[in-house]
């Protein structure tokens, strides 16, 4: 793409050059990257003692893993509902704007940080030791996500097993779990309940009266939970060499099902009305601040930002991988999937509304309500209903599985990178550590397969990985990279990897635009929605959580948010030197093992085929 006359010579200072040449004499080598390079680039794997770190077998393994992790259930069940709720096609304006000033810059930052440091979500923040709490916070968030997210997969597996029948069990009122108030009438008189709702609450959840009535453990759900954890374990126990192959199926198969469901959906009567309802613009919504907050939080949810897993995935890249290009490609895939899924969902909801003779607003749902109530009910109205139920729940299961096992992989990577390299713990086999983590999460999950488990699940879902916690995390990531480590310095680091500096807009976003937007939304979320317009947490519009249930939720949220300021305070109080010295201090090797460094300059040539 660039001719010889357009190639630029970029000289960068690299202080980790040994006097004998190379990093400790051997780290700097001719690096082909993604094209031809005339100079030498220093790979920090050897500098940091991680030259034996695994790398992806091919770059497509990384792309598929990121697609599998970031493209998940939120793209299918959250984005379409937010789009309909916030003005239809008008919602795409704040959404696309947030993609470019919030989503892509932070997404790129996390991947590039992992690729450059060759470390997971915790140790990568050694670039600014004072703020290593960022890594700890991401570990706490992803641990909570790994713990409760798998319950959705267990429910999906339960529905899938019950779909292999000629007559779907949630299509009629003739089962032992049904009550006299069950009716298959579309009008549903007051006090009556649909069979799918009774199947969900009385058969699947066996819902109790509240959080203070946990009841018995549902044995069938325990078996589904065990099955899903076993699948996750055997997908990641051998590391990314194996995981990178599994995601080819788990990332691509949902798209096949989505396409099949799309063409089936648009062939149904009433589908056009549903799609129009989905995209019809309501320009007045642009004046509503909540629309912009929903757009920002959806970006951070669907891009899986702030969890540390993207940093872990990036750490397995080859040093010269063009992560800048990858960030834009992955953003296009992620957001494109969300928009396309909206057509799939609302074509079916339009059919459902037409069949029942009601307005589509009466059947539009998001989250578990869409997956386990609205869509299963719509399926019962279709010809060959069990076939479409099986396809839908297989897609749901596969969509969630790759997000789950890549999330667990990110947690394991961060945990392994934290272990001292010569301690007895570092000698423990990876398979054992993965097993311990999975079993720990499974034990916590047992509280969610009780009769009061849904109330526990909602506390985890609402607080532990809420929009506020993710925005708080991403805000500090931008501040630390741009103002503590240095935006220009990080741009130089990226140039060492990909051969050229990214567009200046990335630096402007990290330094000013993105953190300012995140801070505004965090403050607005905390003060406006939790203080001024405070409302108690409610399940299904009926059950109001007790005060101690909300306190448990806030404890989950603060357990990650407080990691950052508490770590800063601890390091300031326990480390010697001024604030600047503490914030930039990197542990030094002993004099006996310390190599003699010289400020040799490494010449890096712009890669010719970008």
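Note that Cβ sites are derived from N, Cα and C of the backbone, with glycine treated the same way.
Going by TrEMBL, these are the annotated features:
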type	residues	note
TRANSMEM	62-80	transmembrane segment
BINDING	68, 70, 71, 75, 302, 334, 399, 402, 403	Na(+) binding site
TRANSMEM	92-113	transmembrane segment
TRANSMEM	134-161	transmembrane segment
DISULFID	173-182	disulfide bond
TRANSMEM	217-240	transmembrane segment
TRANSMEM	252-279	transmembrane segment
TRANSMEM	299-316	transmembrane segment
TRANSMEM	328-353	transmembrane segment
TRANSMEM	387-412	transmembrane segment
TRANSMEM	432-450	transmembrane segment
TRANSMEM	462-487	transmembrane segment
TRANSMEM	508-532	transmembrane segment
TRANSMEM	552-573	transmembrane segment
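Ranked by Cβ neighbours within 10 A across all protein chains shown, the recorded positions 71, 182 are led by 71.
Residues 53-56, 62, 65-66, 69-72, 74-75, 78-79, 95, 98-99, 102-103, 106-107, 110-115, 117-122, 124, 135, 138-139, 141-142, 145, 240, 323, 331, 334-335, 338, 403, 406-407, 409-411, 413-414, 465, 467, 469-471, 473-474, 477 of the same chain lie 6+ residues outside the transmembrane segment (299-316) yet bring a C-beta within less than 8 angstroms of a C-beta in it.
Between the CA atoms of residue 68 (Na(+) binding site) and residue 173 (disulfide bond) there is a gap of 38 Å, rounded to the nearest whole number. With respect to their backbone Cα atoms, residue 173 (disulfide bond) and residue 399 (Na(+) binding site) stand 31 Å from each other. 134-161 is the stretch from 62-80, 134-161, 217-240, 432-450 with the greatest number of Cβ pairs below 8 Å to the transmembrane segment (387-412). Between the listed recorded positions, namely 173, 399, the fewest other CB atoms within 10 angstroms of a CB are found at 173. By neighbour count, meaning other C-beta atoms within 10 Å, the densest spot among the binding-site residues 302, 403 is 403. Long-range neighbours of the transmembrane segment (432-450) within the same chain, counting only residues 6 or more positions beyond its ends whose Cβ lies under 8 Å from a Cβ of the stretch, are 143, 146-148, 150-151, 154, 208, 214-218, 221-222, 225-226, 229, 232-233, 236-237, 408, 411-412, 415-416, 456-457, 460.
Annotation: stretch 328-353 has the most Cβ pairs under 8 Å to the transmembrane segment (62-80), among 134-161, 217-240, 328-353, 462-487, 552-573. Across the candidate stretches 134-161, 217-240, 328-353, the maximum count of CB pairs under 8 A to the transmembrane segment (552-573) is reached by 134-161.
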